[in-house]
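Record features, source Swiss-Prot:
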TRANSIT   1-39  transit peptide
MOD_RES   45  N6-acetyllysine
MOD_RES   48  N6-acetyllysine
MOD_RES   67  N6-acetyllysine
MOD_RES   69  N6-acetyllysine
MOD_RES   106  N6-succinyllysine
MOD_RES   106  N6-acetyllysine
BINDING   115, 116, 117, 122, 299, 349, 350, 351, 352, 353, 354, 367  NADP(+) binding site
BINDING   117, 134, 135, 136, 137, 138, 139, 140, 149, 172  substrate binding site
MOD_RES   166  N6-succinyllysine
SITE      179  site 'Critical for catalysis'
MOD_RES   180  N6-acetyllysine
SITE      251  site 'Critical for catalysis'
MOD_RES   263  N6-acetyllysine
MOD_RES   280  N6-acetyllysine
MOD_RES   282  N6-acetyllysine
BINDING   291, 314  Mn(2+) binding site
MOD_RES   442  N6-acetyllysine
């Protein structure tokens with residue numbers, strides 16, 4: 001723990017006069033600080049701010065390098081900084097997480113470093129006041145929206161499903177259903193009923209679910225028209241942004257009322273708000289049964305958005321991540337129903353195992369690509385909102401450089417293991433350590449930008 005604090009405080013000191021655990025939003029470096037850092041005179045000017053949410057452990061260290069070496073030398077941007085590192089969340093009673101989400105509502109774009117969600121062991125390690133909730137969950141509850149996960153394709157990284165030559169983006173409706181259900185064990189014979197009592201005082205509705213002859217289990221779950229509608233809007237807007245077709249999967253043949261409501265709301269919103277834009281972009285929307293959809297996904301080459309209910313999205317997103325090769329090559333973007341507000345982050349965690357090695361002074365080979373893409377996806381969206389083509393081009397160039405660097409043979413250990421097997425790879429023969437890989441990306445980016 002002490003080592004962790006020393007590292008993150010030294011990082012904060014290195015980035016200027018910013019206090020290590022300030023709960024308020026902090027801006028990007030002053031012009032005087034930028035001069036000291038020898039930033040280029042002709043950086044891309046960005047008119048409006050981006051919210052930056054710092055994180056924990058190994059990803060925090062990598063995040064700092066990305067910002068200082070890959071982003072700020074080329075982009076003149078005001079960053080509204082929030083330290084979501086676990087010590088600061090504890091110090092501010094998690095108010096910093098709430099503040100960061102409210103700032104995202106105000107400025108429309110946020111980039112987020114991976115953060116620790118504490119369990120009992122973390123409470124003890126960090127001597128926390130309490131077991132704070134997942135910051136992602138807190139942010140999602142304030143912003144609403146849908147989390148879209150998309151793989152980063154590198155041609156030389158083998159895929160468990162070789163036919164997936166284009167990305168498949170999965171949108172999970174992270175609200176209700178089994179995750180907010182009430183379940184119970186029936187320990188004897190009896191009748192299980194559902195009751196709905198209208199607020200307007202009209203008649204109570206009652207359904208007999210099952211008459212248990214002996215013990216068993218039961219469950220009641222729900223969702224709301226408002227949440228389903230927000231999910232639908234996010235999915236349609238994301239598909240238009242990507243210019244990819246959208247598929248929505250349910251089991252409405254079995255859950256005729258429950259899943260049927262998802263199907264009907266999606267269709268109504270599509271017909272009323274999005275059909276014209278879909279036709280203009282030559283893409284389409286289609287509802288499919290979940291079992292048929294799973295089969296079609298495995299046979300497809302990719303290149304579409306898949307809208308899933310909560311449980312389906314939980315399961316299928318992990319299948320997609322593994323099928324495409326690595327969680328280190330998976331982006332995650334929270335898209336709000338307004339189509340304007342997003343929060344981009346890596347799909348993986350804080351890479352604790354590598355951080356423990358780093359604390360001992362040992363080099364690691366930690367994959368930074370998903371964290372880099374969190375920055376690029378946020379900056380690209382800022383560019384689209386502001387009509388800043390230079391910023392869009394920069395973000396796309398950095399993404400292209402990351403992919404081309406891996407495809408040229410320079411990569412981290414996790415990716416080399418996908419090709420050769422983890423037990424067979426050797427440092428500097430098959431993979432680079434973290435710093436050398438990031439330096440390689442920096443050199444390649446500088447070269448690519450010099451050509452433009």
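Cβ coordinates are placed from backbone N, Cα and C, and glycine is handled just like the others.
Known features from Swiss-Prot, placed on the structure.
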| residue | record | DSSP (3 states) |
| --- | --- | --- |
| 45 | N6-acetyllysine | strand |
| 106 | N6-succinyllysine | helix |
| 166 | N6-succinyllysine | coil |
| 251 | site 'Critical for catalysis' | coil |
| 263 | N6-acetyllysine | helix |
| 282 | N6-acetyllysine | coil |
| 291 | Mn(2+) binding site | helix |
| 352 | NADP(+) binding site | helix |
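Non-local neighbourhood of residue 291 (Mn(2+) binding site): 251, each in the same chain, at least six residues away, with C-beta under 8 Å from its C-beta. Within the set of modified residues (67, 166), the lowest number of other Cβ atoms found within 10 Å of a Cβ is recorded at 166. Looking only at the recorded positions 135, 137, 263, 442, the one with its C-alpha closest to residue 117 (NADP(+) binding site) is 135.
Nearest neighbour of residue 135 (substrate binding site) by Cα distance, taken over the recorded positions 45, 263, 314, 354: 314. Sorting the recorded positions 45, 69, 149, 251, 263 by the number of other Cβ atoms within 10 Å puts 149 first. Taking the Cβ of residue 299 (NADP(+) binding site) as reference, residues of its chain lying under 8 Å away and at least six apart in sequence are, in sequence order, 163. Looking only at Cα atoms, residue 45 (N6-acetyllysine) sits nearest to 280 among the recorded positions 179, 280, 314. Taking a C-beta cut-off of under 8 Å and a sequence gap of six or more, residue 115 (NADP(+) binding site) has these contacts in its own chain: 53, 55, 56, 84, 85, 86, 135, 136, 350.
Maximum C-alpha to C-alpha distance over the listed substrate-binding residues 117, 134, 135, 136, 137, 138, 139, 140, 149, 172 is 20 Å.
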